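Colleague: The annotation domain 'Major facilitator superfamily (MFS) profile' is assigned in TrEMBL to 46-495. Annotated transmembrane segment per TrEMBL: 119-140, 152-171, 209-228, 240-259, 326-346, 352-372, 384-403, 409-428, 472-491, in sequence order.
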Amino acid sequence: MATSAPLISKSQLSSGIETLDHQERHSLDDTIEKYIEGFGPAQYLQVILVSLAFLFDGQQTFISDFSDAVPSWHCTDFSNQTCYSSSNFCNLSNSEWAWDEPASSSIVSDWALECGSSVIVGLPASSYFVGSLIGGFTLATLADSWLGRKKLLFLTCLGMSTVALITAFSTNVWMYSGLRFVSGLFRASIGTCVVVMSTEMAGKKSGGFVRVVGFLFFALGALSLPLIAYLNRGSPWRYLYIYTSIPAIVYCIIAYFFVSESPRWLCMRGREAEAVAILNKMVPTKNISSSILKSAYKPLDHEQSNLDIYSSMKSLLERRWALKRLLAAMTLGFGVGMVYYGMFLGVGSLGFNIYLSVTLTASLTIPSILLLPYVMERFNRRSSVVAFGIASGVCSIVCAIIGEELKTVQIIMSLASAFCSCAALNVLQIYTTELFPTCVRISATSMFRQAINFGPILVPLLVSAARRNNSVVYGVFGSVEISCIFFVIFLPETRGLSLSNAMDEQEKKDNTNAYVS
């Protein structure tokens, strides 16, 4: 018996669902998108001001490459045949060798840590990332709840910069490590605020530019360090913290008065009048009224009234789909972050000129960032993460296999791994903001970034412990990254989809997309 044709096709049903949903609820995202779809001078200025925080974050993150470096040394007693350039100076008497530069140029020589435990030598850098990990968990919900994006960015950046200035006056490694911990605690949410605020201030058409700016500033922060350190060579390591912290404090004061709050977050908090004032300032050619935003978000007011300091985190943990996405994204962040930060923090162990090696590593991240808009526009998020992640892991493992016999090849492979891990990490950071709605976006993105910070906690300890055989470290980096990268299969594709604002809205979109596909 012949079967009858369906009354409506799948595409018609999907269209009907979307039409009905639109009739019941106008999307806040679509409403704001309508007014900010162009990218005017005011929006451009906002993105630049917000992204500048990333530059100072980059400086404080990688400053230990120079302040905590083991300085070069030379033999002083040439009549003694026990001292060679390849000797372990810990087995020599103090009269047989000396540092090439004043002892005050590094904390290692300043506090005589050169022959100490690898845990002690790597403690300050690890403390910074432990603080960042804890800070992400404790501060993340503040931006989604009562404090907001702008105030959290200001307070965390100011806190990080002020503590960095105080760090210059440390008297021993324990005080120094403690201050690095507090500095990391404050900086935890800077990157999250920059990425989310920039994304929420720009329209979809300007997304490529916005995504590049923040990451470029972070790379420029890392790239500026070798120049500052080179000009400071032979001077106390304390000057590095002074030279990088004071400009950051000045920036915080400027940002407080000139950076605007995210209009989307203000609407989520029921502050439509403030959102309208900011939108009209960013796009003065369009007349926006509070009634338009209220009507766009009115059906979701019940979620708005329940927002508190813990609501966003509770929403992430209570909803199975959100928890699944969060855990998968965090696993990816851990694997890719270990290689990315490992290539920066472990670059000195390659026996290459520290100024040149950090410069090359930081420089290679810039083309990977500039490649981001093209990758985000042309390729799926999941396939991009897999391709860059596996390439980075393979290059890192190659570094371990060839060892130090082929030093030039090892350096090339480490740079290639840094390039690919940076590209993978940049895609992942944007991908994560697209996976979650506005009401929990900061919290989810911050949790993801804390997973990234978990890897670097181990990196300084691994590098310090393997000073005589750094090839092992690169093998660990690559193996961990490749193992973690396949967790991307648990995440949905988000390319071409609009951002959601509430958890229920996200679920409806996911269900519709799953049915249609």
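Every residue gets a Cβ built from N, Cα and C, even glycine.
Just so you know, TrEMBL annotations never went through curation; they're auto-generated.
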Colleague: Short question: most Cβ pairs under 8 Å with the transmembrane segment (240-259), which of 119-140, 152-171, 326-346, 352-372, 384-403?
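Modeller: Between the candidates 119-140, 152-171, 326-346, 352-372, 384-403, the best contact partner of the transmembrane segment (240-259) is 152-171.
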Colleague: Before we move on, state whether the transmembrane segment (209-228) and the transmembrane segment (472-491) share at least 3 Cβ pairs under 8 Å, counting only pairs 6 or more apart in sequence.
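Modeller: These two segments do not touch.
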Colleague: Are the transmembrane segment (352-372) and the transmembrane segment (472-491) close enough that 3 or more Cβ pairs fall under 8 Å, when only pairs 6 or more apart in sequence count?
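Modeller: Counting Cβ pairs under 8 Å (6 or more apart in sequence), the transmembrane segment (472-491) does not reach the transmembrane segment (352-372), since there are fewer than 3.
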Colleague: Across the domain 'Major facilitator superfamily (MFS) profile' (46-495), what is the average pLDDT of the model, as a whole number?
Modeller: 82
